[in-house]
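Annotated features, as they stand in TrEMBL:
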ACT_SITE  Asp80  active site, proton donor/acceptor
BINDING   His13, Lys17, Thr39, Gly40, Thr41, Thr42, Ser74, Gly75, His107  substrate binding site
DOMAIN    1-162  domain 'MGS-like'
Amino acid sequence: MERKTKVLALVAHDNMKRDLAEWVDWNSRKLSRHHLVCTGTTGKMVEKTLRDHREEHEDEAEEKPELKITLLKSGPLGGDQQLGSLIADGKINALIFFWDPMSAQPHDVDVKALLRLATLYNVPTAINRSSADFLISSPLYEDDGYEPVVKDYKAYVERVLK
Ligand SMILES: O=C(CO)COP(=O)(O)O
């Protein structure tokens, strides 16, 4: 049976990009069959990592799906906000965001907003390598029937203002 393609968002701050590149390389088979959405600079790195991985494993007979990677703007230039908007529209199935706990970011408010929306919409989110390992190796990750429950905000939306 044909498995569903998921939309996975991958983002890393500069000091964490090497970590993400290693993680992507290690998980390239699992990632390659999904549509990846990345902030600009992260996306270029992810694409290069996946292409290099393919070149190194050219001799393997397995079928290699066409890479599908969407590059948003660079994070500080609005990429985090673009991703937040995709989350609000229900277009992202999981977020892998290696954010830097040791450096201030010029777009810190955008980073916070992105993480807030991922939480609000109950998007499975990994914020470091171990949580990313747990996420990608979870049986639920492979379960096409699993849909995260999004809270019903109807009462909030329809509240009467005095
Ligand atoms: O700043 C980022 C996330 O907050 C990531 O942006 P880049 O992928 O463009 O470096």
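In case you wondered, yes, glycine gets a Cβ from its N, Cα and C as well.
What you see is a predicted model, and the numbers here were worked out from it, not measured in a lab.
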Sequence-distant neighbours of Asp80 (active site, proton donor/acceptor) in its chain (C-beta under 8 A, six or more apart): Val11, Thr39, His107, Asp110, Val111, Ala113, Leu114
Spatial neighbours, same chain, of Thr41 (substrate binding site) - Cβ under 8 Å, 6+ residues apart: Asp14, Lys17, Ser74, Gly75
Site of maximum Cβ density within 10 Å, from binding-site residues His13, His107: His13
Max CA-CA distance, Å, over listed substrate-binding residues His13, Lys17, Thr39, Gly40, Thr41, Thr42, Ser74, Gly75, His107: 17
Sorted by sequence, non-His13, Lys17, Thr39, Gly40, Thr41, Thr42, Ser74, Gly75, His107 residues with Cβ within 8 Å of centre, substrate: Val11, Ala12, Asp14, Pro76, Gly79, Asp80
DSSP-derived class (H/G/I helix, E/B strand, else coil) of His107 (substrate binding site): coil
Lowest local Cβ density (other Cβ within 10 Å) among binding-site residues: Thr39, Ser74: Ser74
Confidence summary (mean pLDDT) of the domain 'MGS-like' (1-162): 95
